[in-house]
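What Swiss-Prot records for 73 is active site, proton acceptor, and it gives sequence analysis as the kind of evidence. If you look up Swiss-Prot, you'll see 12, 74, 158 marked as site 'Important for substrate specificity', on the strength of sequence analysis.
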């Protein structure tokens, strides 16, 4: 059996991975995301970021055979512009104000790297999310909880911001941060039977 390593510090990703895998390791990637410039193709961009995270971790464990490293990156896009994690409360407020009464996309790139053979597979998932119309009071109250500060697009669907979501088209777990259905298929492609 292959040793599975998640290249992420995200507690949300760790919790989600536990739903399909009982045994895995966590090694946090030190990959510099700014080393990959965005060039208008969001799906390629998130897959390249996921690969960078997986390769960064694989370099730390080169002497160990039988490892598969999972890299993942999730981002929010609105009007073909990437909304990363907010810099401060004002930035979070402005992001949420822009998303109010609008549809946006959540992209996750996945990369699974077999450390021994250097074989890698990459894919992505895109989910459309529509927010209801939010008042300034709702946005400010949510921003003041601190919840949006470590999340792409300044919200977490699994938390208090879940009430902002009018509808979703696609994988819910993608919006949380780890598209389980796609990951499951990719792991099976790499020989992991779940």
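Heads up, the Cβ atoms here are built off N, Cα and C, so glycines get one too.
For the pair residue 73 (active site, proton acceptor) and residue 12 (site 'Important for substrate specificity'), the C-alpha distance works out to 12 angstrom. Cβ neighbour count for residue 158 (site 'Important for substrate specificity'): 16 (other Cβ atoms within 10 Å of its Cβ, all protein chains included). Long-range Cβ neighbours of residue 74 (site 'Important for substrate specificity') (same chain, at least 6 residues apart, Cβ-Cβ under 8 Å): 46, 106, 107, 108, 109, 152, 174, 177, 178. Ranking the recorded positions 12, 73 by the number of CB atoms within 10 A of their own CB puts 73 at the top. Separating the Cα atoms of residue 158 (site 'Important for substrate specificity') and residue 12 (site 'Important for substrate specificity') is a whole-number distance of 9 Å. Taken residue by residue with DSSP, residue 158 (site 'Important for substrate specificity') is part of neither helix nor strand, so it is coil.
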